[in-house]
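What TrEMBL annotates here:
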- B:93-304: domain 'ABC transmembrane type-1' (DOMAIN)
- B:9-29: transmembrane segment (TRANSMEM)
- B:92-117: transmembrane segment (TRANSMEM)
- B:129-150: transmembrane segment (TRANSMEM)
- B:185-204: transmembrane segment (TRANSMEM)
- B:243-265: transmembrane segment (TRANSMEM)
- B:285-308: transmembrane segment (TRANSMEM)
Amino acid sequence: MKKQRYIAFVLLLILSLLMAACSSGSSANEPADSSDPGSSNETSAETPSEPQAAALTERLAASDLSKLPDRAKQRDDTIIVSLVNPSGAFTPYFTQVGYDGNVNSVLYTPLVKVDPNGLPVPGLAERWEISEDGLTYTYYLREGLKYSDGSPMTAEDVAFTWTLLHDPSYDGINTVVESRIVGGQDYKDGKADAIEGIQVIDERTISVTLEETNATALTVLGGQILSKAYYGKDYTFGNLDYIKDLHANPITNGPYKLERFIPGQEVRFVANEHYVFGKPKTEYFIYKTSEGDTWQFVETGEVDYGSFTATEDNLERLTGLGFLDLIPSTASNYGYNQLNLERDHLQDKRVRQALTYGLDRQLIYVEARQGAGQLANIPSSPILWSYTEEDINPYPYDPEKAKELLDEAGWVVGADGIREKDGQKLRINYLGSKSESTDIFIAVASENYAEIGVDFVPEQFPDFNTLSAKVRNGDYDMASFSTTIISDPSQGVFRFTKGQTPGYDNPVIDDLYAKSLATSDIEERKAIYHEMFKILNDELPVMFTSYSKQIVAINGRIGGFELNPLSGIGFSLADWELK
Amino acid sequence: MRTYLLRRCLYMLLILLGASLLIFFLFSLTPGDYVDNNLSLSEERKAELREIYGLNKPVFERYVNWMGNLLQGDLGYSLAQQRPVAQLIQDYIWNSFLLAVVATFFTWFIAVIIGVITAYKQYSLFDTLVMIGIFAAMSIPSFFIGLFLIKVFAVDLKILPPGGMITTGSRAEGWDYIVEVMNHMVLPVAVMVLLGVGSLARYLRSNVLEVIKQDYVRTARAKGLKERTVLYRHALKNAMLPAITLVGFELPGLFSGSIIIEKIFNWPGIGQLYLQSFTVRDYPLLMGFTMLLAVLTVIGTLLSDILYHASDPRVKL
């Protein structure tokens, strides 16, 4: 008996050592290759013990292509990229899951593309004209446009696509309708058979007139175009159900066409020989579904491309693999802490500023995330043309300044160390998602806010809808969110216009917002946005927090990749080439 | 027997009706709906969409509509996935089933062997070692074992695939396809067996221990039967009786998918889809799948009752 116990003990010991040894080796990481509106940005973060190592600032080429795994070497006509989980609705404008949008950006090329800085560049339209009054847009299509079945694409298809989206039973993204085409509402209400503002001039020319100027209209209307012959043949006003049957067999006009969709596993594409810019250089392309960890697939060469949070650990591990080109990338969205402006204490600008000064954002969003973040002080990503740091208050961590501001606002420290005003305590009820980054936020914020005399009461929710329902009901003081991908700066400031953020109403912002859309001149718009950013940075209707940073890892033998966080890989995919 | 079955079936229908009501109202009571999920929509557009989806109707009316469609065999159309719910379930559920059925088979097979041997050789070295191993395997979280196995067998040794059900881009067909899928199943099945075998083996062990001390076992030995025959024909058969009830309860588990295992091994199962549809409040899919599980659970309990009767005539229905 004694001997047996002894053996058992030794076995246990070995087992526990084994566990300790490998627990550091396998950390999970989410790919950020999507524009899914519901997904929050989760970042794996650990408390930093070392000083900041050199972060990735520019493209780092693969150091040793001989390390390329056999699995990748054997694949000479196929490129594989991982994608979380497309659902199979491969009709643009009719997708509900963001990942289907990724698939559609491979299947379709829009009339007007968006370059890495957010500026419009020709896609299937070779050029366009905007009338003097900024209300009429004329698109000139390229010569020889064809759909994947060989049928020609003409201005009629463009008119059809725009019209279809005005159908009253349409339930998808509504930006085309919100551009307010003349006669669009009449069509939607069933008062007109066609939309008055859309004019097909000839086979390759189409013009559209808007009710009011809108600088985003050029790219919104210049989107992906459906084939009228295919998607329009069963169309009757008020019923779009037939489109659901066409999701699985799309007729497209992008670099690749759909070969096969295997639910939960892969979307297979084959090069489109009818593509207007010539057949892509690589015959096959695959989006591989990967819900969980992508590390193992990148390491074994099963996928050629992955996106990782830009932590030092990840950088080190990716560099160690040797066969990957690494490209730093900043997401085109921003994180913010929404403040309940309908509550008295937060209506005071000084309190909002104090809460920002009094929080060590550098520690929370940059250092604790191992450099995978950058502080945000305005509602625009640094990669957009609208970004500026000029005259922008960076709100460095400064508890003294915060205390000063709170004193000024009339909040005096009470007997228990918590500030009071008119018998009311300065309390912040915070709502956040259940994630590691929120844990860090709460740990730091509790300490920081205690120091400046604010009672910080955090609450975490594992479920996003529950959290947003609570926020909608106004049952909070502060809540963490991040925006969806922003490709035009107007999308970043829209939430501050009249009626969008309860309790915030600034006519100057409304006025500037209207002006920023009234012109298409980029320099003019830049000046307007800078003015808006200055105001928002000072008034802080929300507390701006951070921009998240990623590392894009792509197999070193692939040439022709161009990073474009705004349009995704569809932007350069046609040029990807296996060397 | 016949009246029993008839009565049971009637109860089953009532139970399912009650379950459907409960599930429907629970889901509609959770805060936020499908439309709320998209932060970038304006309030007017949200109202328009609720009208299109029928989410603005009273809950009871929605329930009646849903039930009416269900009775006509229509499970509805998934809001997020943009495909009919029945088709979605078809696409994913068999992958989950394949994994679960193979894992369950091995779990039982191994558990029976371990249970019998450890009971027969109670307190032996083998017994102690196996029990330690079993407890260790049960107490390690599944994601850890999963990732660890992937690291060793897929990334370092490169003898097994790192995940998925087929090699990406594979055009294998027929026998090659089967081999490929089996290859991909090795690791997830291994983890599921490791996690499941412990409790079942313990259960069987204690049953065998009890039976082995019975008089009829001694009689069998006294008759001069071979030890193997005594053990497997006389002892095991009786020890398995209580375990048979468990078989029925396993039924819904075969179809429900395993969220963690599927996520780690990138298996295209339904567990993932279900979780996803909950986060976005995709009611038709949620309801359709939950009801399917409810039906399976009810059938499973009936099945285990019948099995119990069939295997042990002493049990009256």
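Counting begins at 1 with the first residue displayed.
The backbone N, Cα and C atoms fix where each Cβ goes, glycine too.
Predicted automatically and left uncurated, TrEMBL annotations should be read as such.
The model shown is predicted, which means the values in this text are computed figures rather than measured ones.
The stretch with the most CB contacts under 8 Å to the transmembrane segment (B:243-265), chosen from B:9-29, B:92-117, B:129-150, is B:92-117. Within the chain, the transmembrane segment (B:129-150) has long-range Cβ neighbours (under 8 A, six or more residues past its boundaries) at 114, 117-118, 162-163, 187-188, 190-191, 194-195, 197-199, 201-202, 260-261, 264-265. Looking at which of B:9-29, B:92-117, B:185-204 has the most CB pairs under 8 Å to the transmembrane segment (B:285-308), the answer is the stretch B:9-29. Note on the transmembrane segment (B:185-204): residues 98-100, 102-104, 106-108, 110-112, 114-116, 118-119, 130-131, 134-135, 137-138, 142, 145-146, 149-150, 153-154, 160, 163, 239-240, 243, 246, 258, 261, 264-265, 267 of its chain, located 6 or more positions outside it, place their CB under 8 angstroms from a CB of the stretch. Within its own chain, the transmembrane segment (B:92-117) has Cβ neighbours under 8 Å at 126-127, 130, 134, 165, 181, 185, 188-189, 192-193, 196-197, 200-205, 207-208, 231-232, 235-236, 239-240, 250, 253-258, 261-262, 267-273, counting only residues six or more beyond its boundaries.
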